[in-house]
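So the structure is just underneath, and the comments pick up after that.
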Amino acid sequence: MSAVEAPAAAQPAAGERREILVARGVTKSFPGVLALDNVDFDVRSGEVTALLGENGAGKSTLIKLMAGFYTPDRGEITVDGVPLHADPAAAHRIGVATIHQDAHLVPAMSVAENIMLGRWPGRYGWLSMRRQKEKARAAVARVAPHLNIATPAGRLSPADQQLVEIARAISEDSKILVMDEPTTSLSPPEIERLFRVVEDLKANGLGIVFVSHWLEEVFAISDRVTVLRDGRLVGTKPIGELDHDKVIRMMVGREVRETEHKPRPIGDVVMRVSNLTREGLLDDISFEVRAGEIVGMAGLVGAGRSETASCVFGIDPYDSGTVEIAGRRVRPNDPKAAIDAGIGLVPEDRRRQALVGLMSVRSNMTLSLFDQISRHGFLSSALEEEIAAREIRSLAVKTPSSKVRVSTLSGGNQQKVVLGRWLARRPKVLILDEPTKGIDVGAKSEISELILRLAESGMAILLISSELPEILSLSDRVLVMRSGRISAALSRAEATSETIMSYATTG
Amino acid sequence: MALENTPMSDVAPAGHGKLPGLRGRISFIDLMQSVGLLAVILLGGGIMSILSPVFATVRNIENVLQSATIIAVVAIGQTFVILVAGIDLSVASVLVLSSVLSVGLVQFQGFSPEIGVAVALLAGLGIGLVNGLAVTKLRIPALIATLATMTIGRGLAYIYSGGTNIAPVPQFFVDLQAARIFGIPAVIVLTLVLALIAQIVLSRTSFGRSVYATGGNPLAARLAGINTERVVIIAFMISGLMSAIAGLLITARFEAGAATAAQGLELAVIAAVVIGGVSLFGGEGNMGSMLLGVLLLGLVQNAVNLLNVPPNWDSVVSGLVIAAAAALDVYRRSYLEAGMRKKVIATKSSRSQKS
C-alpha cells in the first residue's frame, strides 16, 4: 500500500534516480512583480535538491506552486506526469508534502490525530481510534520513535512538531517532501537528527527539496543545488562541482554599483547602541551612527535586523544594553521616548506599522506632529495643511488632495507619506527598514535620492535593506547581521555583494 | 425594512463615478451613510404620519426625542469606546448606579443634592477608569472586562437602593425635566450640546485624532508616538461619565432613583451606534451620524407602539433594523475596498503602459 516501503526493502542505486517532479518554463507574476520567469526545475527520487537564492529571488513562489497554492501563468509542473493545479489538497494527493517554516499543527490535538488530520480512518463519520493509532504509530516510528502519539502537539518542541509534520507526509505516501527553511528554529543536535531522518527518507526513494540560508547545511545534506535570482533560474549543479564562493556568486550575480558615491562630511556620533541583547533574538549588538553617515544593515530575513530596529525605537523591550542619542540614554520600550529623543523609524510593513488606512494623507503625515499642529490640544487645520502641502510638494507625492484616504495611494506614495512625517519632524537619526520594499522602480530611485539628501543635510541614517545593490550604492559602512549578531562591520571599500553574502550566510 | 437598503445601493455606485471633485473634500460614502439614514428617517416619518394621526403631533415628537436623549447621551460615550475598537457593556449599570446615588445620598445620607450629583458623576468616571485599566494594563478583552463591571455595577445599585426606586427626588431634577430653552425641552438641548462638544473633541483636538488613530491602527498609532493605552483609558472614562450623566437624566424623567430601570439598555445603545455608522472595528464614525442612528431606533420603537403592534414584537422589529444596518455597514465596507482595488490596479496598469 505504501509507496515508501520498509527501510530494508528500498536501496535504489544511483543510476535509478528518476525525475518525479518536473517544472518546465514556469512563469508566475503578481501585480507589479514577476516572481518567476520561465523557470525549469526538477526533483529526483532519492536526492536532496537544495533551492537557493537571495530574499525575493522566487523561492517562496516556487514552493507555493509545488504545494498547490498557485497555478503558474505559463509552463507546467507535473508529478509523475500528472499536472499540478492550484489545489493544496490535490497536491497532497498526488504526493507533494510541504513542511513550512512554522509548524501547521492543531495544538490541542494529539500527535496521532495531527498525523491523520483530515484523513481520519473510519466509516460513516465514525472515527476508528484503533486504526488511527496504528497508522500514526507506524509513521512516527520512522522519524521520531521517541514521541508518544497521545501527546497534544502543542506541548512538543518546535523540532518535534516538525518531525510530526514529516511523519504526516510519510503516512500520506508522499513522493516529494518540500522543506522550507526547516532548520531555522532548531538547535544543532536537532538539526543533526533532522538530517538523519532526511537521509533515511532519501534512501527510501523520496525526492526532497531543501531550502536553507545556511550554506554549511546545504553542503552537508544536498546532492544538487538549484539557484534562483530575480525570479530566473541561474542554474542547477551537482554539489560536487560547487564550493561556497561559487554558490554565492551564483546567488548575487555580477556586482552593480549604480550611483556615483560622493564623499560627505561625517560628523560626531549621534546614536550609540551598546551591547543590546534580547534573549533568543539579539546577542550583544553594538554599533554607532554618525551625523551625515548612512550605515547599511544587511543580512538575511530573520537575522535580527528588524528586531534591532524595534528595540532601538522602543517597540519591543530588551534585556540588557543601552541606546544613546547624543550621549543621553533613551528610555527603553517606549516609542514616544524614542521619538522625543530624536529617533525616527520608517518601519518595514508600512500598512501595518505606520499608516492608519482609514485616515487621510494629511492626518497620517501629521500623526507624530501634534506638537507642531496644535495649541492647547486643539488642532489647527491651517498649520496641518501647511505641513502636509509642503511635504507633498517636496516629496512629489502623487495624490489628488491631502484629504483622500491614504489607503487609496500606491505603495510608493504611501511610503512617501511616512517619509514626509519624519521629514517634518527632522529626527537626529532616521532608521529605514526596507524603505523600498514593494515599491516600483521609479519611486525606488526617488527614495534612494531622498536618503542621500537627508544624509547630506546631516541626518544620521541606519538603512536596513535586503537589496544588496541598495545597501552597496548608499552606505558609507555596512553592518552584516547573522543569527542575532553583527557578524561583520565592513567599510565601503570592503563591502561587496560577495563579502556581505558570505558574512550573512556563513562564519 | 427593505427600504433601508434602497437609497444606498441605488445612489452610491452611480454617484461614485460622477462626482470626482467631491471625493477630495468629504468621503462620499461617509456622506451617503448620513444622507441614507436621514432619508430613511424622513420616509419612515412620512409613512407614520399617514398611518397614525398621533405621530406628527408636537407632543409625540417631543416624547420620541425625550426618550431618545437617554440613549443618545450614553451613546456619545459608547462611540468613543467603539472608535478605539473597544466595547462597553457596563453603561446601563453605571447609569442606574448614578441614578440611585444621586437620589440616595440626599435621601439616605442627607448630603446636599450637589454632592449627590458630584458623587454620581465620579462613580461613572471611576468605573470607566477601572474598565480602561482592565483592558489596557491587564489586557482583559473589553467585552469580558465590562461584562464584569456591568454585573458588579448593577449589583451595587441593587444593594444600595434595596432593589427598589428611591423617591422623592431633589427639586433640581424636577426642574431639569420641566425646563425649556427657547421652547425646547432642556434635556434635548443638553444632549445636543454634549454631542456637539464630543464632535469638536473628535474632529478638532489632538486627543480626538489619537482616538481615530488608535482605533484605526493601534500599532501604527503607538509607533507614531501616541500613548494608545492612555487614549483607551480616557475613552472608557468618557463612556463612564456620559452614562452617569444619563443616569441623572433618567432620575429626572422617572422622578426616582431608578435601580431597576434600563435593563438591556447597553445593547440598544450599541445597536444605535452601529446603525449610526460607527464601525465596530474602530477608527470610523462621527457623532452626527450616530445621533441619526439613535433617532431611527427611537422612531421604530415609537412606530411599534403607535401602530398597536403587540409589545412582544418590539424587540423583533428592533433586531431587524440592527441586522439591516449591520449588513449595510459590511456592504459599504466591501464596496469601498473593491473601489479602492480597482483604482490601484488602474493606476498600476496605466503606469506600466507608459514605461
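Quick reminder: no glycine exception, Cβ is built from N, Cα and C everywhere.
Quantities reported herein were computed from a predicted structural model and do not represent experimental measurements.
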### Message
Can you identify, from B:35-58, B:59-82, the stretch that TrEMBL calls transmembrane segment?
### Response
B:35-58
### Query
Of the listed stretches B:35-58, B:115-135, B:181-202, B:264-283, B:313-331, which one has the most C-beta pairs under 8 A with the transmembrane segment (B:290-307)?
B:35-58
### Task
Go through B:142-161, B:231-252, B:313-331 and flag the stretch with the largest number of C-beta pairs under 8 Å relative to the transmembrane segment (B:115-135).
B:231-252
### Query
Cβ under 8 Å to the transmembrane segment (B:181-202), counting only same-chain residues 6 or more beyond its ends: which ones?
62, 65-66, 69, 72-73, 76, 79-80, 83, 208, 211-212, 238, 242, 245, 249, 252-253, 286-288, 291
